[in-house]
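Accompanying notes for the structure given below.
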Amino acid sequence: MKNRKIIIGSRRSKLAMIYAEKAREKILSYVKNFGIDEVAIKEIETKGDQVLDQRLSEVGGKGLFSKNIEVELLDNKIDIAVHALKDMPSEETEGLLTSCFLERNDPRETLISKNHKQLKDLSPNSIIGTSSFRREFQIKKMRDDLDCKLIRGNVDTRIKKLNENFYDGIILSYAGINSLGLNQNISQIFSTSEIIPCAGQGVIALQCRDNDKELIEILKSVNHQLTHNCIKAERNVLKILEGDCETAVGVFASISGFKINLEAELFSLDGSKRFHLKLSENINKANELGIEVGKALKKLSNNSHKK
Ligand SMILES: NCc1[nH]cc(CCC(=O)O)c1CC(=O)O
């Protein structure tokens, strides 16, 4: 390939731009081998950024953050779309390919609270800001007196709303806060078993057109294989459950030696029932493990997780 310029498209938010820059640097460290001249970044506004007063599931569900960016990719206006994997629907858009993932950032969930209190020390009936049913049910599992209220917006907007006393605490991912350099706000970090993250949390995904052979080759060398194995397992659980943003499901895969461990929990639609599973497989069976756990959870829930 000669003198090709690559354009990366990403959401306009500060965090998305940091993710795009990470992807850019990673690609640049490989391009010498591929004859790429320049890697540019283009900011794209998405519906998920525009509508800030409703739950994502109410605005229109799947792909709110990714759709506009995917359209630009299909229209040849950009060459690579960078997404926070957890914001992507579990089914791939026709004509596109997502098979390159950067090494996972810290996948854990954190509490940011007034006066740096831990969850157990919050006053009775405190208000937690989250727009995710998964986080709501997981928090209530630990403290059933707490009240969860909708919060939307970027990470910094959410912290601002906490400081304006609309909430006593908010739950955010470590990866986002850390990437923005806002760690000093963190009051508590939960282990991935205390609060099982959502599938793909902390993973940056690079998507391209499925017929862009040159780029597919480059992205193959950029891809972090162990992360790839983990998210295959995690996202297969979502596929089997046919979940959307309203599905309250935590899924987390980790590698130890030649094993891949998958822990998952699924809640019924009203949050009253919890189904939990933890299984291990040989690392080259990541796909199968995800399917197995997904099917087992589906059976346990007897479709109580769906409308
Ligand atoms: N849905 C919002 C979102 N999408 C990606 C991240 C950052 C974490 C990540 O990259 O997985 C966040 C914020 C959060 O959950 O704290």
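Glycine too: its Cβ is placed from the backbone N, Cα and C atoms.
Marked as domain 'Porphobilinogen deaminase N-terminal' by TrEMBL: 6-216.
Among the features that TrEMBL reports, domain 'Porphobilinogen deaminase C-terminal' is placed at 230-298. Mean pLDDT for the domain 'Porphobilinogen deaminase C-terminal' (230-298) in the predicted structure: 96.
Per TrEMBL, the feature S-(dipyrrolylmethanemethyl)cysteine maps to Cys245.
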In the domain 'Porphobilinogen deaminase C-terminal' (230-298), how many residues does DSSP put in helix, strand and coil?
28 helix, 26 strand, 15 coil
Around the Cβ of Cys245 (S-(dipyrrolylmethanemethyl)cysteine), how many other Cβ atoms lie within 10 Å? Please give the count over every shown protein chain.
22
